[in-house]
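Report on the following structure.
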Amino acid sequence: MARRADSFCLISCVLVSFVISVSAVTDDSQDKQVYVVYMGSLPSSRLEYTPMSHHMSILQEVTGESSVEGRLVRSYKRSFNGFAARLTESERERVAEMEGVVSVFPDINYKLQTTASWDFLGLKEGKNTKRNLAIESDTIIGFIDSGIWPESESFSDKGFGPPPKKWKGVCSAGKNFTCNNKLIGARDYTNEGTRDIEGHGTHTASTAAGNAVKNTSFYGIGNGTARGGVPASRIAAYKACSEMGCTTESVLSAFDDAIADGVDLISISLGANLVRTYETDPIAIGAFHAMVKGILTVQSAGNGGPNPGSVMSVAPWILTVAASNTNRGFVTKVVLGNGKTFVGKSLNAFDLKGKNYPLYGGSTDGPLLRGKILVSEDKVSSEIVVANINENYHDYAYVSILPSSALSKDDFDSVISYVNSTKSPHGTVLKSEAIFNQAAPKVAGFSSRGPNTIAVDILKPDVTAPGVEILAAFSPLNSPAQDKRDNRHVKYSVLSGTSMSCPHVAGVAAYIKTFHPEWSPSMIQSAIMTTAWPMNATGTAVASTEFAYGAGHVDPIAAINPGLVYEIGKSDHIAFLCGLNYNATSLKLIAGEAVTCTGKTLPRNLNYPSMSAKLPKSESSFIVTFNRTVTNVGTPNSTYKSKIVLNHGSNLKVEVSPSVLSMKSVKEKQSFTVTVSGSNIDPKLPSSANLIWSDGTHNVRSPIVVYTYSVSD
């Protein structure tokens with residue numbers, strides 16, 4: 001998701017907040033609207049099964065109509081089974097009761113969440129970074145987003161050979177759109193063509209896998225080389241999002257095609273305002289079937305922070321990414337006539353050349369504004385003012401259509417005091433500049449927080465990555481301020497949001513896959529989580545704990561050699577869903593095979609790289625256990641010893657049994673149990689610790705979080 005100026009919803013890896021907008025088609029008798037009918041996996045034997053014919057027959061049976069072509073919107077038939085159709089409420093109810101149907105849910109509208117960042121992560125350009133270019137060139141990342149700008153230099157195929165032989169996709173992108181050996185595939189589900197109008201999809205794709213392009217900047221600000229984490233990788237663009245958002249049926253269509261086309265990873269920077277259960281969340285559905293085919297899905301956490309429980313990506317088979325800043329930030333200085341200087345946040349490309357203008361702190365209406373710098377509590381974009389100084393301070397720089405700077409409350413009050421106490425107050429707003437941010441990384445305020453409200457014992461988000469003030473390729477069809485009054489057009493622009501952090505982690509996942517092409521999605525996810533930089537709970541609120549950053553900040557270099565990994569297969573996820581009380585009939589359809597939910601599998605015992613448990617508030621003392629199994633991907637004859645590090649303020653007692661793991665061979669698996677006990681947990685904060693398995697070379701770290709807090713508290 002990215003953040004835009006003014007009403008710009010945070011764009012997060014597509015995550016401007018998920019606004020629900022159901023489109024209805026009026027019939028003479030009842031209103032019809034688009035519903036998605038999810039039917040699980042495709043039959044294992046498809047010789048006599050034609051998905052579309054089955055879907056049409058269901059519609060004929062339910063509607064009583066012989067011709068239902070006008071009812072069918074999409075048929076999902078390549079990677080999983082289902083369809084989207086226009087139904088009345090009573091027809092929806094009848095479909096939901098039919099054998100072979102897992103769920104029926106409305107087609108809601110998802111929206112997008114929107115150079116130095118890779119250097120900050122340690123994945124530097126040049127010979128000092130280890131790369132496997134042959135496999136990197138065979139790695140394909142699919143982006144489900146707003147399309148792509150194919151002419152961008154970031155997607156040039158100079159030096160690229162033909163697409164990998166495994167590629168089964170097409171370039172079905174519309175008129176005047178050409179794919180190449182870098183951008184090897186494009187599909188459109190919006191009827192607009194795959195060309196990116198918003199700029200969001202172009203930005204995310206270039207962040208993960210764009211070519212290295214020298215001397216890029218935003219009007220001279222932040223000059224450097226723009227590049228992706230895996231610039232030799234191939235890109236496939238799936239346009240599921242238009243200016244109006246991203247429909248459920250389009251998102252599922254994109255997953256259906258991307259999986260069958262042969263992508264290796266999926267990056268999706270989209271999200272919703274309301275969390276959805278797994279069987280009604282199109283991203284969770286698509287990502288599950290991708291996981292079964294060996295494809296990891298990376299999704300933005302959302303831009304609903306710092307509110308607790310705002311994380312919308314909550315499935316354990318998805319790698320969920322929060323957003324943090326880097327050591328490069330953009331600031332805009334305000335210089336007053338009395339010589340005082342204040343440092344604010346914005347991305348101001350306008351140069352007033354130090355000229356002073358009258359400051360005006362009155363009404364925002366009328367001719368008194370003309371030719372002045374307006375000092376107001378909120379951002380304005382009036383065309384008659386020279387510039388704007390406001391109190392709308394955020395921890396990210398926004399692009400405006402006129403010179404502006406957002407100050408902290410104290411600094412803004414100082415400016416107001418100067419305006420009110422001076423006969424002829426004047427000042428100026430300088431052009432933005434890049435500064436070194438020594439305090440980085442810090443989770444952005446807009447980044448969505450846990451706890452997970454669907455599976456309370458699964459910690460989300462998983463990790464954090466750069467998502468603040470990211471410079472990357474952009475669509476010249478949109479303005480950098482994303483405002484129709486802004487007549488500027490740029491090839492590279494700066495966006496903030498979890499939409500920007502998501503492709504960073506997609507790039508990291510692709511980087512790992514170039515060294516370990518045989519690794520499963522869960523192994524890659526585990527490597528990223530257990531090697532992440534530890535972050536500290538810097539505040540006294542839930543929003544400043546592991547619910548903000550998960551396992552920590554991604555470290556690409558460490559992640560290619562994690563030592564141990566936590567593996568999770570399809571059967572483990574099915575057992576997890578059994579533990580959440582999904583019935584065996586629905587799970588059989590989802591899994592495409594017989595399922596028996598025997599006993600009660602505790603969701604917290606899913607072999608996840610982090611450990612989390614929500615405790616009953618009624619219990620003053622507690623004991624919880626976590627069962628885990630690790631696989632050795634390091635060296636043979638290695639011995640790992642466990643170490644527990646309690647976080648500040650935690651009074652937990654943590655025991656690990658066995659406390660030593662002796663791995664004789666690579667791929668060997670060993671199990672252990674973590675027992676956590678304590679009493680009187682703070683009802684407003686989690687208590688946490690870290691389990692570290694170390695063999696002297698590798699440090700395999702897992703956060704342990706116990707809490708009683710509820711979002712409704």
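Any Cβ shown, glycine's included, is placed from N, Cα and C.
Some features that Swiss-Prot has for this protein:
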SIGNAL    1-24  signal peptide
DOMAIN    34-112  domain 'Inhibitor I9'
CARBOHYD  ASN176  N-linked glycosylation site
CARBOHYD  ASN215  N-linked glycosylation site
CARBOHYD  ASN223  N-linked glycosylation site
DOMAIN    356-415  domain 'PA'
CARBOHYD  ASN420  N-linked glycosylation site
CARBOHYD  ASN536  N-linked glycosylation site
CARBOHYD  ASN583  N-linked glycosylation site
CARBOHYD  ASN627  N-linked glycosylation site
CARBOHYD  ASN637  N-linked glycosylation site
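By a simple count of nearby Cβ atoms, those within 10 Å, the most crowded of the glycosylation sites ASN176, ASN215, ASN223, ASN420, ASN583 is ASN223. With the fewest other C-beta atoms within 10 Å around its C-beta, ASN637 stands out among the glycosylation sites ASN627, ASN637. If you average pLDDT over the domain 'PA' (356-415) in this model, you get 83. Cα to Cα, ASN176 (N-linked glycosylation site) and ASN627 (N-linked glycosylation site) are separated by 55 Å. Cα proximity to ASN215 (N-linked glycosylation site) (within 10 Å) is found for the following glycosylation sites from ASN223, ASN583, ASN627, ASN637: ASN223. Under the DSSP three-state reduction, ASN637 (N-linked glycosylation site) is assigned to coil, being neither helix nor strand. With helix defined as DSSP H, G or I and strand as E or B, the domain 'PA' (356-415) counts 10 helix, 16 strand, 34 coil. Comparing CA positions across the glycosylation sites ASN223, ASN420, ASN627, ASN637, the one lying closest to ASN583 (N-linked glycosylation site) turns out to be ASN627. Taking the Cα atom of each, ASN223 (N-linked glycosylation site) and ASN627 (N-linked glycosylation site) are about 49 angstrom apart.
ASN176 (N-linked glycosylation site) falls outside any helix or strand according to DSSP and counts as coil. For the pair ASN420 (N-linked glycosylation site) and ASN627 (N-linked glycosylation site), the C-alpha distance works out to 65 angstrom. Distance between Cα atoms for ASN637 (N-linked glycosylation site) and ASN627 (N-linked glycosylation site): 24 Å, as a whole number.
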